[in-house]
Amino acid sequence: MRGILIAIEGVNRVGKSTQAMRLKKALECMDYNAVCIRFPNPDTTTGDLILQVLNKMIEMSSEQLHKLFTKHCSEFVAEIAALLKLNFIVIVDRYIWSGLAYAQADGITIETKNIFKPDYTFFLSSKKPLNEKPLTLQRLFETKEKQETIFTNFTIIMNDVPKNRLCIIPATLNKEIIHTMILTKTIKVFDNNSCLNYIKMYDDKYLNVQELNLFDFEWQKCIEDNNDKEEYDDDDFII
C-alpha cells in the first residue's frame, strides 16, 4: 500500500498552481493526507536559481538551465518516496513532462535518471497563457512563439502517456468545473490503486515503496529492474 503521485501540467499561466493548491486543500478537508510540491521550488537553492534565470535576473545557457531543472526534480526523489510510503497524495505543480517539453523547445536532450513517472497526469490544454503579461514583464519562455512550440511538444509527450494515466482538460473551462474534475479523478485513482507497492521510474526501473526503510532511508537500495511487475502493468492501472 502506498500513496500516489499526481502531476498537473501545461504551458505557463493556464491555472496549474491554482488547481494544485485547490486540490491539496480539498483533499485535506476530506481527511486525505496531501502535499503539493511546486517546480521550480523557490524554497530550495536550485529552485531559486532557476527562478532567477526565468525572471531574467541572471543569465545561464539554455543547456545549463534545462539540466538544472532535471537535477532539481531528482532532488525530490527521496522526499516523494517517503511521502508515498506514508500514504500521501503527492501533487506536483509541473514535473518531468515540463522538463522535457521546455528542453525540446530549445533542441536539448535532458537526463531523466532518478525521476518518477507520475501515477496520473492532468494536462491543462491551451496553446497560450490565459492572461498575457506585458512584454516587459514576460519571463523566459513566455513569448507567444515559444509557448506554442512548448504546447506542441507537450501534445507529443502526452500522446505517449498511457490513456488510463492521463486526463486532458481544456484550460479555458470554468475553474470550478476543472477543480471538480481533478478532485473526483484523483480520489478515484487513489482509492482504486492503494494496493500498489511499486512506482515506475522514468528509465523504466521501479522503486519498491514498501521496502523503503524510513530509518536509514537509502532509497537507492529499493530500485529494481522491470522484472514481471504485473501488479503495476499500465493496462491494469485502475481509474
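Easy rule for this one: first residue shown is 1, then count along the chain.
Cβ from N, Cα, C; glycine included.
Some features that Swiss-Prot has for this protein:
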| type | residues | note |
| --- | --- | --- |
| BINDING | G10, V11, N12, R13, V14, G15, K16, S17 | ATP binding site |
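Shown on the structure are the features that Swiss-Prot records.
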| residue | record | Cβ within 10 Å |
| --- | --- | --- |
| G10 | ATP binding site | 26 |
| V11 | ATP binding site | 27 |
| N12 | ATP binding site | 24 |
| R13 | ATP binding site | 19 |
| V14 | ATP binding site | 27 |
| G15 | ATP binding site | 22 |
| K16 | ATP binding site | 23 |
| S17 | ATP binding site | 14 |
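DSSP classifies S17 (ATP binding site) as helix under the three-state reduction.
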